[in-house]
Amino acid sequence: MSFFLTTPTAIDLGVNIDHVATLRNVRGTTYPDPIRAALAAEEAGADAITLHLREDRRHIVDADVRKLRPLLKTRMNLECAVTTEMLDIACEVRPHDACLVPEKREELTTEGGLDVAGHFEAVRAACKQLADVGVRVSLFIDPDETQIRAAHEAGAPVIELHTGRYAEAHDEAEQQREYERIVAGVQAGAQLGLKVNAGHGLHYTNVQQIAAIDGIVELNIGHAIVAHAIFAGWDNAVREMKAIMVAARVAALHGGAR
């Protein structure tokens, strides 16, 4: 729920500010300022601010994280890899949420979910390290029952289901299969008592079906909002995404969704 709203919304929006920083860094300037973008997003209805501190610092940098943390009125959702350096930074900054993600230096963006089952002990240790300093842990995983169960066993109270394959599907049949995987993943997570979020690759014309899924608490969206802001303005881009999500969820609750 946004700090600026007086009643809970049907579904929360976490606005990812990474690509505001990308635009800044590509020319080595001090603008556009991701801190300003984050605070404006809160005022426009964002329920959380998401940012990914990558090991290569290709967009968000350490100073962004440290400067933003005390300024937020909603929540900071800090995405980071399961490495000693990143976990130590997260424990120092103490965001409200830390979402552990896989990371490859050569990738353009995160390409898949964290393999919790395959790196179970490392992930479990990371969950404990963060929880011990009061940080709520989320694991960014594929909508796969094995990974969801491993996330629960590792001690994570939150999962974020990777929607990239749904978003990048080549045809309707493939997209429907991925949608059904996400629905099953949401149900599996809910049965284990996990808070279920979702994100990756969602934009203004594909988010509706995902936002309509009962049980998804929050969607994290960034690139599409930054891109739309070029034409609509930042505040409008955030408000429009939030409105689309809420409308889809309300319609689903009243029997209007597929």
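Glycine too: its Cβ is placed from the backbone N, Cα and C atoms.
What Swiss-Prot says about this protein:
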ACT_SITE  H52  active site, proton acceptor
ACT_SITE  E79  active site, proton acceptor
ACT_SITE  H200  active site, proton donor
BINDING   N16, R27, G201, G222, H223  3-amino-2-oxopropyl phosphate binding site
BINDING   D18, H19, R54, H59, T109  1-deoxy-D-xylulose 5-phosphate binding site
SITE      E160  site 'Transition state stabilizer'
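Remark: E160 (site 'Transition state stabilizer') has C99, S138, L139, F140, I141, V196, N197, A198, G199, N220 as non-local neighbours, by Cβ distance under 8 Å and separation of at least 6 in sequence. For D18 (1-deoxy-D-xylulose 5-phosphate binding site), the nearest neighbour among the listed binding-site residues (R27, G201, G222), judged by C-alpha distance, is G222. The least crowded of the binding-site residues G201, G222, judged by other CB atoms within 10 A of its own CB, is G201. Counting every protein chain shown, the Cβ of D18 (1-deoxy-D-xylulose 5-phosphate binding site) has 21 other Cβ atoms within 10 Å.
Taking all protein chains in view, 27 other C-beta atoms sit within 10 angstroms of the C-beta of N16 (3-amino-2-oxopropyl phosphate binding site). Considering only the binding-site residues R27, R54, H59, the Cβ with the fewest other Cβ atoms within 10 Å is that of R27. In three-state terms derived from DSSP, H223 (3-amino-2-oxopropyl phosphate binding site) belongs to a helical segment. Of the recorded residues, H59 (1-deoxy-D-xylulose 5-phosphate binding site) and G201 (3-amino-2-oxopropyl phosphate binding site) place their C-alpha atoms 18 Å from one another. Annotation for the recorded positions H19, H200, H223: lowest Cβ count within 10 Å of the residue's own Cβ, H223. The 3-amino-2-oxopropyl phosphate site in the record is lined by N16, R27, G201, G222, H223, and its two most distant CA atoms lie 25 Å apart. Neighbour count (other Cβ atoms within 10 Å of the Cβ, all protein chains): 27 for E79 (active site, proton acceptor). It is 13 Å from the Cα atom of R27 (3-amino-2-oxopropyl phosphate binding site) to that of H19 (1-deoxy-D-xylulose 5-phosphate binding site).
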